[in-house]
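Visitor: I have a structure here, written as structure tokens, and I will follow up with some questions on it.
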Amino acid sequence: MPAVVVSGSGENQEFEGRITVYVIVCVIIAAFGGLMFGYDIGISGGVTSMDDFLKKFFPVVFEKKHHALENNYCKYDNQFLQLFTSCLYLAALVASFVASKVCSKYGRKLTMQIASIFFIIGVILTAGGINIEMIIFGRIFLGFGVGFANQAVPLFLSEIAPPNLRGALNISFQLFITIGILVSNLINYFTTNVHPHGWRISLGIAGVPALMLCLGSILICETPTSLIERHKVEEGRKVLRKIRGVENVDDEFDSIIHACEMAKQVKDPFRKLMKPVSRPQLVISICLQIFQQFTGINAIMFYAPVLFQTVGFGNDAALLSSVITGLVNVFSTVVSIYVVDRAGRRILLLEACVQMFISQVIIGIILFKELKTTGDNLSKGEAIFVVISVCTFVMGFAWSWGPLGWLIPSEIFPLETRSAGFAFAVSTNMLFTFIIGQAFLSMLCQMQAGIFFFFAAWVIIMGAFTWFLLPETKGVPVDAMVDKVWKQHWFWSSFMIEDDRPDVKVV
């Protein structure tokens, strides 16, 4: 499957290469970083709804949960309980900037190995926790792992993939996130009735993907771009031949050499990011991360069991409902893998905005009309309709804003600012994930059904941003974005006047 070399003159040239078994193996192993992230997202909501866990670490919440006159919207409103979930993302925010430096200086592979070690330490502390401090510290170490993995894995996938399959291979990261969420929901469903240590099993099983990432990362190669960038030129050529499955890689190799030479001219990539020429990529990457969180998706995925208990499901039924949404999440991400390099990025994002808006409004109307602060929950039919609406919402997110929120920032930066720019994207994602994770249960308590109208309003803003300011990047080689995308855009082209790149080939 040939990739494309694009020159500044606009000439397209296909060069030799195909998708190899080795590349597929590398992609699967690297994507286990996504599996670990997804498991951490999904496991916290189920564990924080388990009575054994609440009695041991959050007795106030346990009492409130079982109070006869509890407020349906406020039964889980507790800042320390939310901190258990959200501290991971604050740690990931800090770690992402350190990971950016490690990624550039020591490579994507080592960064993923460091991530797996952080994951393993975090699992040991959380599964073996005997007090709240221990489990919080465990979650912080897991956050360090998330920060390192989310920095390295999408870059690794974008750099190892041929341009015409970059979208599909990169979305494998998001696919594994959704699989991790699904697996965590299944584990929670079966461990909720294992007393008194079901929650320890749920948290401890996270060690399996952590070990797989740790051991698997020994087997994978470093990306040719990273090797050449770190002056390992011949090794980079050798790896390029291996991943493309052909001997003649001269054209692609020369274009990577050129990209690396240009990158060396930038001594401070973070300062370069502040210049107008980098503004399109930086603004889009940051906005995509903010919008991804303000769809409300992580609020729903974190607290799916809690949310379904709020509308009237029992604990087992709530966990089962979250398993159903997890299945929808996985299969919809598979749809994205198939469609993204055919239909393009913009159409998926715009269609999903309509779908998510309608779903959020329906949920908000049902809860506003039928679920009072105290007393009876929704009828069985109404509660089931809420689950269907949540699944419709998750479906739209999973084939659009979920995977593309990671794909687009990983492919739009030039090499000289790629690692630094993606660090901004990761840290922004973690910051707003932390904010939503820390605030959602309190927002649900204060805003009640209005919280879903709040997220629906953000979906309108996201749709407008996509329509006017997000260009299509389907099929455009990573390092041809400036000439082929930004200089052609009605708005962003005005920021390209400082770009003085020579008219030569790029990857």
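FYI, residue positions are counted from 1 along the chain as it appears here.
Just so it is clear, glycine is given a Cβ too, placed from its N, Cα and C backbone atoms.
Heads up, TrEMBL stuff is auto-annotated, nobody curated it.
The structure displayed is predicted, hence computed values, not measured ones.
The following feature annotations were taken from TrEMBL:
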DOMAIN    26-474  domain 'Major facilitator superfamily (MFS) profile'
TRANSMEM  19-39  transmembrane segment
TRANSMEM  80-98  transmembrane segment
TRANSMEM  110-130  transmembrane segment
TRANSMEM  136-157  transmembrane segment
TRANSMEM  169-187  transmembrane segment
TRANSMEM  199-221  transmembrane segment
TRANSMEM  282-306  transmembrane segment
TRANSMEM  318-340  transmembrane segment
TRANSMEM  347-368  transmembrane segment
TRANSMEM  383-408  transmembrane segment
TRANSMEM  420-441  transmembrane segment
TRANSMEM  447-470  transmembrane segment
Visitor: Can you say which of 136-157, 199-221, 383-408, 420-441 has the most Cβ pairs under 8 Å with the transmembrane segment (80-98)?
Guide: 136-157
Visitor: Looking only at the domain 'Major facilitator superfamily (MFS) profile' (26-474), report the model's average pLDDT.
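Guide: Here the mean pLDDT over the domain 'Major facilitator superfamily (MFS) profile' (26-474) amounts to 86.
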Visitor: When only pairs 6 or more apart in sequence are counted, do the transmembrane segment (318-340) and the transmembrane segment (110-130) reach 3 or more Cβ pairs under 8 Å?
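Guide: Between the transmembrane segment (318-340) and the transmembrane segment (110-130), contact is absent.
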Visitor: Sort out the residues at least 6 away from either end of the transmembrane segment (199-221), same chain, that have Cβ-Cβ distances under 8 Å to it, and list them.
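Guide: Sequence-remote neighbours of the transmembrane segment (199-221) are 22, 25-26, 29-30, 32-33, 35-36, 39-40, 43, 46-47, 50, 52-53, 109, 112-113, 115-117, 119-120, 122-124, 126-129, 138, 142, 145, 149, 180, 184, 187-188, 191, 239, 242-243.
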Visitor: Any residues 6+ beyond the ends of the transmembrane segment (420-441) with a Cβ under 8 Å from its own?
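Guide: Hits for the transmembrane segment (420-441): 76-79, 81-83, 85-87, 89-90, 92-93, 96-97, 99-100, 104, 143, 146-147, 150-151, 154-155, 269-270, 272-273, 278, 281-282, 285-286, 288-290, 292-294, 296, 298-299, 302-303, 306, 405, 409-410, 413, 451.
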Visitor: Taking residues 6+ outside the transmembrane segment (136-157), which of them lie with a CB under 8 Å of any CB in it?
Guide: 26-27, 30-31, 33-34, 36-37, 40, 83-85, 87-96, 98-100, 102-103, 108-109, 111-112, 114-119, 121-127, 129, 166, 169-170, 172-173, 203, 206, 210, 213, 223, 406-407, 409-410, 418-419, 422-423, 426-427, 429-430
Visitor: Counting CB pairs under 8 Å, which listed stretch among 19-39, 110-130, 169-187 touches the transmembrane segment (383-408) the most?
Guide: 169-187
